[in-house]
Amino acid sequence: MKSYSVETVFLPYKTDFPHLLLWSCLLNGFDLLSPGQMTDLLYTEKDLVTSLKDYIRAEESKLERVKWWADKLDSLSAVATQDPEGFLGHPVNAFKLMKRLNTEWADLESLVLSDTTDGFISNLTIQRQHFPTEEDQTGAAKALLRLQDTYKLDANTISTGNLPGKAFLLGMTVEDCYELGKIAYSDVDYYHTELWMAQALKQLDEGEESTIDKVTVLDYLSYAIYQQGEMERALEYTKRLLELDPEHQRAKGNVKYFEFQLEKQRKAEEEESKKQPERPKRETPEKRKKKTKKSFSLVPEKKKYEMLCRGEGIKLTPARQSRLFCRYYDNNRNPMYVLAPVKLQDEWDRPHIVRYLDIISDVEIEKIKQLAKPRLRRATVHDPQTGKLTTAQYRVSKSAWLTAYEDPMIEKINQRIEDLTGLEMDTAEELQVANYGVGGQYEPHFDFGRMSDVTAGGATVFPDVGAAVWPQKGSAVFWYNLFASGEGDYSTRHAACPVLVGNKWVSNKWIHERGQEWRRPCGLNETE
């Protein structure tokens, strides 16, 4: 069994045949929790704030009553204690004293002990079941680290919220930076630990108030730097730590260790220099640049993927560019498009990737989202070791499957795909809806494979050929993952870049080659 790919986008695939990909819309969102779930959490938090304010008002009202009592009794006591015997000689005063001590102080005690937290605590307990888990928080942190690496963002840019296309600029606190550093530290990721502990220290040095002190930050920072082999810098930060806390036992021990190792290293270098007095001349920066410069094809796939996500892909030559066109398309005078042909543009020549413009309406987009939201689950991949479906860090999105019999609109969209591609939909996969929040991604993968799980990407890049296809609301992108011979086209290996700002909704349609025998006849050679 083989297939194609569509990313609604429409595409082919080999456990089947072509692939169609539809970009539904771009909104705001996040990672392991879908943007829809994140929106619900915003309203949950708003409700809790309202409940908290009600509690504060109740506490303030109680304190006002207590204060009134205190002021009244303070004035009364001041008068009474001037002449206690004369004051109590009046029978009314004697009666009121008995009454106050026997009854009114008891009422005051009840007032002070009254619990105004019931409503707030009850609401908090109910809402807590919807709160994110530790896994969700860690996932959000790792999403930020992915974005930092993929888009080459420094920690300060992220911390200040200075991201492209931002609508809401909300900076990170020292505590936020420290938490990111700790999560990286827990993963033995000392590179990111250093970046975020250094950012936390920077904000503390600039005077930001925080419950996190410099000593704690410097402790993590110096250790992370040491673990990366930079002992001199680790020593500098450790000495700074001791200036703040001279009795810090671990730091005192580390200084001695670092100094001993650096001295040992210095002596070793001196001995080595005596054996080899003439060192080879250093290369000039210009020579080094020429020597290390690699063609795009020799760059490791992960680096190519990140370069393409940043818009640093291959530029087509004028000759190749001249073969790409925009046109009105009716798919060989298909009755649905004779009078109203669709707009079609070539995105890439090899493999041939096309984009259908304005192929799905806003109403349809909202309906698909409405149908998919209750079913969104963390997307899975096929584990070749166990043969089972499992979640993976290289695929971070939520997905749902929609069948034609559930709603007439899904059947209508499936028919539209058939009319546009000329391919049979009866043997195709159901319509998949994927939601990528901030940091959501799907690293390089193939959509073809015998008897394998079928997956699809979002804002799609093709590392092997240097192509990048950017999201455009309401458009559909189509390519064949298989040659007409049925062999897989390995140049279609593709990936969904992590979402930097906002979130992406995308629909995928995988069209199996089975059932296309008369619509796309088999080729006579392997790559035809």
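Keep in mind that glycine also has a Cβ here, set from the backbone N, Cα and C atoms.
Record features, source TrEMBL:
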type: COMPBIAS; residues: 268-286; note: compositional bias 'Basic and acidic residues'
type: DOMAIN; residues: 427-513; note: domain 'Fe2OG dioxygenase'
type: REGION; residues: 268-295; note: region 'Disordered'
type: REPEAT; residues: 215-248; note: repeat 'TPR'
Arithmetic mean of per-residue pLDDT over the domain 'Fe2OG dioxygenase' (427-513)
74
Taking a Cβ cut-off under 8 Å, which residues six or more beyond the ends of the repeat 'TPR' (215-248) line up next to it in the same chain?
174, 178, 181-182, 185, 190-191, 193-194, 197-198, 200-201, 204, 254-255, 258-259, 261-262, 265
Secondary structure content of the repeat 'TPR' (215-248), with strand meaning DSSP E or B:
27 helix, 0 strand, 7 coil
